[in-house]
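Visitor: Encoded as structure tokens, here's the structure I'll be asking about.
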Amino acid sequence: MVLSAADKGNVKAAWGKVGDHAAEYGAEALERMFLSFPTTKTYFPHFDLSHGSAQVKGHGAKVAAALTKAVGHLDDLPGALSELSDLHAHKLRVDPVNFKLLSHSLLVTLASHLPNDFTPAVHASLDKFLANVSTVLTSKYR
């Protein structure tokens, strides 16, 4: 799904509003995913998945850092996320559906924290962006 110039502007503006809260929102999105979609916990058997866990916060920071990198490389997501794609496809072997579940959880998290900025247009742009990130992360599964 191609991001239009308007989509790119919406994604950059929304992620700019996330700012210093990126790691916090990443962790909250993971917690939300684990609660809403319990089967996703199977990929984290060694984690303490309780609320506020340092491990969930740490992984949330990694998710946020990857998304921040992606926002900075909207015209070259495959290049920016190549190593992460290799990791998830070849080492971690994460079922691709889980990226959609995390994307949904992240959208809900962003909507709850940025209600005035989360317009239908921004929602659509972020959804397209996250779908593109998911596509890139699963591209090496084939």
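Every residue gets a Cβ built from N, Cα and C, even glycine.
Pulled from Swiss-Prot, these are the listed features:
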| type | residues | note |
| --- | --- | --- |
| BINDING | H88 | heme b binding site |
| DOMAIN | 2-142 | domain 'Globin' |
| MOD_RES | S4 | phosphoserine |
| MOD_RES | K8 | N6-succinyllysine |
| MOD_RES | K12 | N6-succinyllysine |
| MOD_RES | K17 | N6-succinyllysine |
| MOD_RES | K17 | N6-acetyllysine |
| MOD_RES | Y25 | phosphotyrosine |
| MOD_RES | S36 | phosphoserine |
| MOD_RES | K41 | N6-succinyllysine |
| MOD_RES | S50 | phosphoserine |
| MOD_RES | S103 | phosphoserine |
| MOD_RES | T109 | phosphothreonine |
| MOD_RES | S125 | phosphoserine |
| MOD_RES | T135 | phosphothreonine |
| MOD_RES | T138 | phosphothreonine |
| MOD_RES | S139 | phosphoserine |
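I'd like to know what surrounds each of these features in this structure.
Guide: A simple way to gauge crowding: the CB of H88 (heme b binding site) has 21 other CB atoms within 10 angstroms, across all the protein chains here.
Long-range Cβ contacts of S4 (phosphoserine) within its own chain (separation 6+, distance under 8 Å) are none.
Within the same chain, residues at least six positions away from K8 (N6-succinyllysine) with a Cβ under 8 Å of its Cβ are L74, S125. Under DSSP, K8 (N6-succinyllysine) is assigned to a helix (H, G or I) in the three-state scheme.
Cβ environment of K12 (N6-succinyllysine): V71, L74 lie under 8 Å away, each six or more residues apart in the same chain.
Under a cutoff of 8 A between CB atoms, and with a sequence separation of 6+ in the same chain, the neighbours of K17 (N6-succinyllysine) are L114, D117. DSSP gives K17 (N6-succinyllysine) a helix state.
In the three-state DSSP assignment, the secondary structure recorded for Y25 (phosphotyrosine) is helix.
A helical conformation is recorded for S36 (phosphoserine) in the three-state DSSP classification. Listed in sequence order, the residues of the same chain lying 6 or more apart from S36 (phosphoserine) and placing their CB within less than 8 Å of its CB are L101, S105.
Around the Cβ of K41 (N6-succinyllysine), the same chain contributes F34, L49, each under 8 angstroms and 6 or more positions distant in sequence.
Long-range neighbours of S50 (phosphoserine) (same chain, six or more residues apart, CB within less than 8 Å of its CB): none.
Counting every protein chain shown, the number of other Cβ atoms lying within 10 Å of the Cβ of S103 (phosphoserine) is 19.
Mapped onto three states, the DSSP output places T109 (phosphothreonine) in helix. The number of other CB atoms found within 10 A of the CB of T109 (phosphothreonine), across every protein chain shown, is 23.
Taken residue by residue with DSSP, S125 (phosphoserine) is part of a helix.
The local packing around T135 (phosphothreonine), expressed as other Cβ atoms within 10 Å of its Cβ over all shown chains, amounts to 15. Under the DSSP three-state reduction, T135 (phosphothreonine) is assigned to helix.
The Cβ neighbour count for T138 (phosphothreonine), using a 10 Å radius and every protein chain shown, is 19.
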Visitor: How many of the residues that make up the domain 'Globin' (2-142) does DSSP mark as helix, as strand and as coil?
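Guide: Across the domain 'Globin' (2-142), DSSP assigns the residues as follows: 110 helix, 0 strand, 31 coil.
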Visitor: Closest of the recorded positions to S103 (phosphoserine), Cα to Cα, picking from Y25, H88, T109?
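Guide: Comparing Cα positions, the candidate nearest S103 (phosphoserine) turns out to be T109.
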